């Protein structure tokens, strides 16, 4: 990202940066809203959005279709049924200073043409750091609860919402026939601390903060887990209502309280900007005495008719704004830098600090982000902290941004020890000793150990047995964790080959699996049968199961079609030599063949070559291949195929086969499949519940057929 002033950007630079910002913000939206695993602080995220908005303001002709200024939240998880919001759940614009708040009020006055003498009432309430939820009531009964999702479609979490005591199942008093109540699900600080203690005692993962704990608890597939987590709910607004039941925001809140909802008692109405700024400062001072996390104050125009007149701008209402609290800072001594290995192999540096207190919380660790952040120079050569690097022994400035993730933001150069030396980031994984590499254009260094890295092992095994890989029934998350942590050699599963030797090892063991709680003779027999049924597997599924970075289902199918046998693929991966810019060498023939496959390219090719260059991975694969056989890919017969070279999209529910099977079959017959519909799509196969894709197809003039017509189309070609 160009750090220079926006006014100095050329059109080309602005266009490139807007493209980068769109992708980067979308990535962080997914991490925060869907995965509950943010990588950056709220302040850093807000800075990205501000930068995007400022560039768009200066170059309006460059505003992209996928601009973050038009989008809310992130795509929803596939774990839950989709739920369409009757009215969009919008996000709020942010204010970061008193000047921003004055400007917000002035914009409203200008838009409404209000004279200075007319009082404009504003409500103010703490901005809860939790998970937004929409509750739909019909005839006074809760019928649906949905997360924000992308603002239009959320996740249906009704069963879990019913377990939250603050959410009434039946409304009280005189209420509209239909009412959607919006609010925030959160976890109190004391309950959060108790939950993490319980998780530690059970040997389970702990949560980084109350917001992640609340989001993770609400998104459980087992509502009994949600019920045990002590979630709470503050109502703060309404979506769709069948009749008007209040004239002001404050009256609405009072009514919601009468209906049985919990309303934040700190919500107040003010008549001047000076008063709401005073309220902001008061709450900021008191925030750590509250039993829940807040990251600012939300201001709303009190008059609901004025709210309606003001309307919305893109992704947010004109009549509301979030005044964010600044991040708090303190100085600490950097005692050490630890390198942690994440589930995907990412090496993440963590600062170990002398204990300090920020905002009432003792901080001993802080984020250092990545290798470049420590060096003080970005991967594109741009300076970070004006080029100052971070060293062990430095006095560093710690920021607890967004009340969530402490991070090192700068150093006090005057206090640096004279004999200090620059930190050398490891190029070997501290968990397994494999090479840790950086892809071109990425700031993260990743372990290539893959199948043998203990830091990644459980997730790798889970991926290996997943539905679209080996699809071994009876090896779910709990079972994989049990076998991985088993102390007995006859029970442990640390590598994929261990799955297929389990039955043989058990035959010689005194500790029998069927005698262990949670298993039994019947279930163990079913598990062995499920394992043995996968000793032969299609090549594409095998390649996907290996978990090579960037080799998802689509690329695995492309590679299988290109090489047709595992031996040919492995030989190509072993022989491929990547280009070397330093020596001015081009890639060899095997490299060119690999990277010229449609959709593969240098990035995917590099990941494949790195994977096979690790001796550990080759050793694990050799043992695995003694137990299983990847089946040769049958060549595509396109000459007589009625769908060869066509772009096909599947939507809705199919009765004769799953959508994944239908996609695989279409590709075997020479078609290209896509998850999204465009004007280039040739055919939409629509089952029941097709939804928006069906409407789009009609708009674009795309041919639409049902499943029966699809079956007739491919009859006789099913290879």
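Don't overthink the numbers, they just go from 1 along the chain as shown.
Each residue, glycine too, has its Cβ placed from N, Cα and C.
Annotation note: residue 92 (NAD(+) binding site) sits in a coil segment as assigned by DSSP. Over all protein chains present, the Cβ of residue 92 (NAD(+) binding site) has 18 other Cβ atoms lying within 10 Å. Annotated NAD(+) binding site per Swiss-Prot: 42, 43, 44, 45, 46, 91, 92, 125, 148, 184, 300, 324, in sequence order.
Reduced to three states, the DSSP call for residue 127 (active site, N6-AMP-lysine intermediate) is strand. Positions annotated as active site, N6-AMP-lysine intermediate by Swiss-Prot, on the basis of sequence analysis: 127.
According to Swiss-Prot, the Zn(2+) binding site annotation covers 429, 432, 447, 453, on the basis of sequence analysis. Residue 432 (Zn(2+) binding site) counts 22 other C-beta atoms within 10 Å of its own C-beta, drawing on all protein chains shown.
Across the domain 'BRCT' (638-719), the prediction's mean pLDDT works out to 81. Annotated domain 'BRCT' per Swiss-Prot: 638-719, in sequence order, evidence recorded as sequence analysis.
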Fill in the blank from the handout: Min neighbour Cβ count (10 Å) across recorded positions 127, 148, 300 flags 127
Exercise for the section: Count the other Cβ atoms sitting within 10 Å of the Cβ of residue 44 (NAD(+) binding site), across every protein chain shown. Expected result: 19
Exercise for the section: Starting from the Zn(2+) site formed by 429, 432, 447, 453, give every other residue of that chain whose CB sits within 8 Å of the mean position of their CB atoms, in sequence order. Expected result: 341, 345, 430, 431, 433, 434, 436, 448, 449, 450, 452, 454, 455, 456
Handout entry: Secondary structure tally of the domain 'BRCT' (638-719) (DSSP, helix then strand then coil)
Key = 27 helix, 15 strand, 40 coil
Practice task
For residue 92 (NAD(+) binding site) and residue 127 (active site, N6-AMP-lysine intermediate), determine the Cα separation and express it in whole Å.
Solution key: 11
Completion exercise
Least surrounded, by Cβ count within 10 Å, of the binding-site residues 429, 447, 453 is 453
Practice task
Check each residue in the chain of residue 46 (NAD(+) binding site) that is at least six apart in sequence and keep those whose C-beta is under 8 Å from its C-beta; list them in sequence order.
Solution key: 94, 96, 324
